[in-house]
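Asks: Below are the structure tokens for one structure; questions will follow.
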Amino acid sequence: MKTGLTVLIAGGGIGGLTLGVALRRAGIAFKIFERAPALLRVGAGISMQSNAMLAFRTLGVDTAVAAAGQEIQGGAILNPRGEEISSMPVSKASAEVGAPMITIHRGRLQDVLHQIVGDDNLVLGAKVEGFRDGPDGLFVRLADGREFQGDLLVGADGLRSAVRAQLLKEPSPRYSGYTSWRGVCDVSEGVRRDYTSESWGPGMRFGVVPIGEGQTYWFATATAPEGGVDHPDARTELLQRFSGWHAPIPQLIENTPSSAIMRTDIHDRVPIRQWVQGRAVLLGDAAHPMTPNMGQGGCQAVEDAVVLARCLSLEAELPAALARYQAVRVERANDFVAGSYRIGQIGQWENAFACWVREKLMRMMSSDRVDARTRRNLQFTPL
């Protein structure tokens, strides 16, 4: 179905750019509309787990992604004193599925994908506001009034997707009950280069993730009402919140300017099973926004992109291609939405006794074996 097909993509994030790479490899014409005026190295870190790296391998970009990031060999969940509660056999899992886990700055990953997509296929400063799909064709409308015609619209425009809003009449995103802070700093002392950790305390968590080039990405969560606002000095507030927690947590916060600390309330949406309507389809966070607790949000967007491009290449008719994409992807992606939500609720327990029980159970369940579910999560087959 390559001949004459033009795909319009709303959103130039990881999912939209990966779809652009996949379509370019497949010889399918496309145009990406990104609301930002430039693709800058903004944001924080992201985990490309083995399943995403296997998906990238089908596009021939896994080596470039790995070179721009940091390969991870292991990880653990700790308590606020720094004692290990549960270990994660990352290197064993990577060996079993045949691909590494790579952590990387979002901006560097974006650069790798952008270089392949090319500037000619990217329209910047272009916010998609809506579309019309009628007898005269499919037209995408931008906020500045411009219109573009194509054969398929892919909504890869995130949690608050304009494409999804037009397809579905539904409530606002679901608040998880906790907020987050994220930062990137150059501190490497006390941070293992190939090891990630997440420390769990009552109602709070703190993650430490090396992302290459001497940088460390960190994130923090705290149970809080939706819509809270930080004190102007976010760094001081976080140092107070995590006072007494083990190194290098205080050092990471201390070495990140308040202006570089991003606060975001954590949301997802109740999973849905219909991502397709006419000549419009959803991808990534627009289709299945999830909390970040399994590190799979970006990974699932990458999987979506590879599968959608493959379906468009293999099927003779557009409706059949979109139906196949939805059938392949919905259940797997929605499983991650549900699993991530459950982990977040457990991770944010505040009751002291409940946290004590949680720690005891996690110690008992910790294993250096790769269980069947983890193995399944980290595998990827395009179709």
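Just so it is clear, glycine is given a Cβ too, placed from its N, Cα and C backbone atoms.
As annotated in Swiss-Prot:
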- GLY15, SER47, VAL128, ASP285, GLY295, GLN296, GLY297, GLY298, CYS299: FAD binding site (BINDING)
Asks: Compile a sequence-ordered list of residues in the same chain as GLY295 (FAD binding site), six or more apart from it, whose Cβ lies below 8 A from its Cβ; state 'none' when nothing qualifies.
Replies: SER47, GLN49
Asks: Counting all other Cβ atoms within 10 Å across every protein chain shown, which of the binding-site residues GLY15, GLY297 scores highest?
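Replies: The largest 10 Å Cβ neighbour count belongs to GLY15.
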Asks: Listed FAD-binding residues GLY15, SER47, VAL128, ASP285, GLY295, GLN296, GLY297, GLY298, CYS299 - what's their greatest C-alpha to C-alpha distance in Å?
Replies: 27
Asks: For VAL128 (FAD binding site), what is the tally of other C-beta atoms lying within 10 angstroms of its C-beta?
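Replies: Result for VAL128 (FAD binding site): 26 neighbouring Cβ atoms inside 10 Å.
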Asks: Sequence gap of 6 or more, Cβ distance under 8 Å: name the residues on the same chain that satisfy this around CYS299 (FAD binding site), in order along the sequence.
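Replies: For CYS299 (FAD binding site), the qualifying residues are SER47, MET48, GLN49, ASN51, ALA52, ALA55.
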